[in-house]
Structures are given as C-alpha cells and as structure tokens.
Amino acid sequence: MAGILAWFWNERFWLPHNVTWADLKNTEEATFPQAEDLYLAFPLAFCLFMVRLIFERFVAKPCAIALNIQANGPQIAQPNAILEKVFTAITKHPDEKRLEGLSKQLDWDVRSIQRWFRQRCNQEKPSTLRKFCESMWRFSFSLYVFTYGVRFLKKTPWLWNTRHCWYNYPYQPLTTDLHYYYILELSFYWSLMFSQFTDIKRKDFGIMFLHHLVAIFLISFSYVNNMARVGTLVLCLHDSADALLEAAKMANYAKFQKICDLLFVMFAMVFITTRLGIFPLWVLHTTLFESWEIVGPYPSWWVFNLLLLLIQGLNCFWSYLIVKIACKAISKGKAGKWNPLHVSKDDRSDIESSSDEEDSEPPGKNPHTSTTTNGTSGTNGYLLTGSCSVDD
C-alpha cells in the first residue's frame, strides 16, 4: 500500500519541476491546499442532502401549492393482474398481435388495453409538484453559489487579469473564502452523484452522470495541485446559466408561459455565450497558453487541460441541443403557441414539459371494437407509441 500511495502521489506527475510536497506544507505564514481537505466534502454532501429534504418539504412544497400546482400524479390504471404481469415481466409496449390476444383473454377492446398500458406507464412518472420542488432546490442553491462566487471573485486579481492564476504558482496561499467555495461546490456535486439515483430519471442520465464524474474529478484534481484560482473561474462561469434553467422549469410547471419563454431565451443566450464564447476564449486560453508561458507544462497540467477540453465537448453537445430546441420552438411558434420547454421534450430532457394529459375513459368491454381497431394506426397508434417517457 505504501508503494501504491508513493506511486500515486508522485511529485513528478502532480507538481512542476523542482517542486515537492514538502514545499506545500502548511506553515504559520501560509496555508496551502491539502489532499485530506477533500474528505470534508462527504459529510457536507450529506448535510446538503438533508437540507434539501427540509427545503423541499417546508419551503418548496408550500410555494408550489400557493401556485396551484397539484400534488396528485397521473391517473392510476385499473388494477388487473394479467396486464400487470405483462407490463412488469414481458413488455411495456405490446405489439398488435399481443394486444389482440389480451383483448380476447380479457374481453376488452384493444383501445382500452392500450390506454391501460399508457396509464400504467404514466404512474411511474413524477408529479408536477415533485418536479417543481426539485427545480426550486436546484434554483436556490445555484443562485446562492453563483452569487457567492461573483462576490468572491470580484475582489481577486485573477478575475481581471488571468495571468495572476499562474504568478508564483504553485506557492499561492489558500484563503478561507476560496477553500469554502471549492469544498461547497465539490460537496454539491457529490450530493448530486448520490441523489441522482433517486431523483427524477431523464433521458440524459448517462451524460449527466459523466458530467458529475468529470466535475468531481476536475475540482479534486485542481485543488490538490493548487490550480484553484483558475478553478474558481471555471466553476463560476458554469454556474451562471443554471439558475435561469431551473427558473424556466419552475415557470413552466406553474404555467406562467410568458415568463417561461423569457427565461428560456435568457438561459440559452447566457449558456451559449459563456460556454462557447467566454470559456474557450478566456479560461482555456489561460490554462493552455498563459500557463505554458509562465509555468510550463508538466504531466498533471496535460491531464487538467484534457479534462477542461472534455467539459468543453459536453458544452458543445448541450449547446447543439439548445439551438435545436430553439429552432423547433420558432418553427412551431409560426403555427401557434411557442413553448420552448414543451418542444424540447424529446431533445434536452432536463428541460421538461409539464403537460401530463391523461385519458380518463374507463376500460370498456367491447370485443367487437378490437376487430376494427389497429394498434399502430390513428389514435391508438399514438396511445401506444407515446405511452412511456420517463423524463416527463
């Protein structure tokens, strides 16, 4: 184990030439980032998760109720042991042949069976109230941490001149504000890593999981080798659009359409400007070129920049989806009501639609209908193919 630790913490990988870990030990005159500081993120992540539960229960839920957001979820499907067994053990999307067999077995018409599968699938969707509470928590935390980041950074020299990120590197002392900012951000991402398995599931689950992993690794990595100054720029820049996204989702759930549209446009402008403009031209420029000029490259420098380029790749992917959503919204707006969050349902599933329209017609016994109803045509085709979508 000692050999593994010595290999992992090899100074030639982590630190510039002629710098050792002994040079970065805390003294009475200066405090430097220490790897063991990162352990603080785990209890703080648990505390954030508990604060979230309390916030959603006693703050977000009353706000949602005051906005007339209903707590009830989709309509419950009529209990049926045969259909439930098919749904859980065989398929959630029965084909035409299976539908006809079930119709004969239950003496139900095909349309009623299709409706049952749609309603049963919708039962697993979260209620609008739950989605509003989750968005309100993320909005509140994102707004707080972004505001704190701006207030902290405006007092620092490296916000106004990024070359200060590398002057006297790595002998840059760790301030209390910077330490708090870093550990708070790391704790939040750890809490998201744990809670995403119980949060509302969306189609971009895998991408978000990768994003959280890269963010945790990047924050931890930059803290250990004392690249925290440029790390604060990365964090604050990427926090700038999050609150607008969650605010747009809340407005959507509350059915404030004009506010929703405005917030979505603001979110798209801020997101694309910061992540496709400012981030590469400002942050990547200093990490790739100014640091090369002032400090020079070393192994962990390459890893750090590769992680930043991976983040930029994700930024490009999400920007593409946002532009795609906007184009669909504009084309739809020519024919009627523009709701960018509704149009985005099949693209960026984290920007959701709040419309959960349910067909309330009870199953009826009409075996003759099955001879004229096709499971893949007309209304029935819609009911079947549109029956399950976990991101609604």
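All positions are counted from 1 along the displayed chain.
Glycine is treated like the rest: Cβ placed from N, Cα and C.
What TrEMBL says about this one:
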DNA_BIND  85-128  DNA-binding region
COMPBIAS  369-392  compositional bias 'Low complexity'
DOMAIN    83-127  domain 'Homeobox'
DOMAIN    130-331  domain 'TLC'
REGION    344-392  region 'Disordered'
TRANSMEM  38-55  transmembrane segment
TRANSMEM  179-198  transmembrane segment
TRANSMEM  205-224  transmembrane segment
TRANSMEM  260-282  transmembrane segment
TRANSMEM  302-323  transmembrane segment
Can you find at least 3 Cβ pairs under 8 Å between the transmembrane segment (260-282) and the transmembrane segment (205-224), where each pair is 6 or more residues apart in sequence?
no
Report, as numbers and ranges, which residues of the same chain sit near the transmembrane segment (205-224): CB under 8 Å and 6 or more residues beyond its ends.
14, 33, 35, 37-38, 182, 185-186, 189-190, 192-193, 196, 230-231, 234-235, 300, 303-304, 307-308, 310-311, 314, 317, 350
With a Cβ cut-off under 8 Å, give me the same-chain residues at least six positions beyond the ends of the transmembrane segment (302-323) that come close to it.
207, 210-211, 214-215, 217-218, 221-222, 225, 227, 234, 238, 268, 271-272, 275-276, 279-280, 283-284, 287-288, 344, 347-348
